[in-house]
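Asker: Here you go, one structure.
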Amino acid sequence: TGLFSEIHFLQMESMASTNNVTELIFTGLFQDPEVQRACFVVFLLVYLATVVGNGLIVLTVNVSKNLHSPMYFFLSYLSLVEITYSSTVVPKFITDLLAKIKTISLEGCVAQIFFFHFFGVTEILLLVVMAYDRYVAICKPLQYMSIMSRQLCHVLVAGSWLGGFSHSIIQILITIQLPFCGPNVIDHYFCDLQPLFKLACTDTFVEGVIVLANSGLIALCSFLILVFSYIVILVNLRNHSAEGRRKALSTCASHITVVLLFFGPAIFLYMRPSSTFTEDKLVAVFYTVVTPMLNPIIYTLRNAEVKIAMRRLWSKRS
């Protein structure tokens with residue numbers, strides 16, 4: 001019996017050491033063809049609005065002479081990240097809505113995971129940087145321009161990109177070591193770590209814990225830093241005039257709204273054990289498809305300077 005168990009173990013180990021899976025199949029978001037066609041139209045319009053809206057912010061900030069403050073410098077990079085972040089998932093997702101069999105190569109799946117986490121964490125770090133910028137502007141207004149120098153702004157943006165890259169590299173190094181020998185069906189509409197881990201023909205408990213620590217704790221710690229920074233800002237605003245408080249709160253409101261829209265779904269999905277609930281997919285749709293479109297709307301509707309600059313840009317084009 002002992003010899004048989006040892007042979008069986010060696011066979012399982014040998015099977016696990018070979019990757020028989022070269023192509024993966026998504027189950028998708030919905031199964032009804034009519035619903036999928038309707039979603040294709042809706043999500044295509046949403047994606048186009050995301051690219052155009054965020055692209056317009058990037059163009060406006062770089063062209064307008066009145067939007068060269070650090071706040072708008074960070075906003076332009078946030079909009080650029082929104083475009084790239086959404087583009088890692090949405091175009092493939094949209095085209096799959098019209099396909100009977102939704103496939104992706106294993107290499108393509110790993111690449112999608114890399115760029116999805118790269119741009120996602122870069123956005124998180126940029127939101128933290130923008131909160132720091134608001135803290136300095138409101139709590140240390142006299143030293144604002146000396147503290148938030150152009151050099152520091154470039155360092156903070158570069159640090160955000162480097163942080164996202166480092167996080168994503170860790171995720172990929174964990175993933176590429178896993179053996180995949182079947183099945184090859186992912187119960188999702190895009191490649192993410194937990195759905196892919198379920199296809200590995202080995203125990204992924206340790207990898208799951210590392211991913212939870214790497215993804216979930218980054219989101220949670222960044223969110224707590226943001227909450228703490230705005231508590232400090234609100235306490236400091238008590239010493240300002242009513243008009244000063246109104247202007248400061250108006251400036252911060254857009255950023256707080258974007259933070260809640262992004263972090264709420266992310267913490268919900270990455271700070272708990274994985275599941276296959278349909279609700280998880282719908283939550284993922286919110287932060288991969290909808291939120292990147294809402295950000296330019298939120299910032300432009302609540303920011304008079306951006307709206308004026310866009311009108312001037314539009315009038316020049318006309």
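Easy rule for this one: first residue shown is 1, then count along the chain.
Just so you know, glycine gets a Cβ as well, placed from its N, Cα and C.
Just so you know, TrEMBL annotations are computer predictions that nobody has curated.
What TrEMBL lists as transmembrane segment is 40-59, 71-90, 110-132, 152-174, 217-237, 249-270, 282-301. Sequence annotations record features per position, and here TrEMBL assigns domain 'G-protein coupled receptors family 1 profile' to 53-299.
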Asker: So, do the transmembrane segment (40-59) and the transmembrane segment (282-301) meet, by the test of 3 or more Cβ pairs under 8 Å (sequence gap 6 or more)?
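Answerer: These two segments touch.
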Asker: What is the pLDDT of the domain 'G-protein coupled receptors family 1 profile' (53-299) when averaged and given as a whole number?
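Answerer: Taking every residue in the domain 'G-protein coupled receptors family 1 profile' (53-299) and averaging pLDDT yields 87.
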Asker: Considering pairs 6 or more residues apart, do the transmembrane segment (282-301) and the transmembrane segment (71-90) have at least three CB pairs under 8 Å?
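Answerer: Contact between the transmembrane segment (71-90) and the transmembrane segment (282-301): present, because at least 3 Cβ pairs are under 8 Å.
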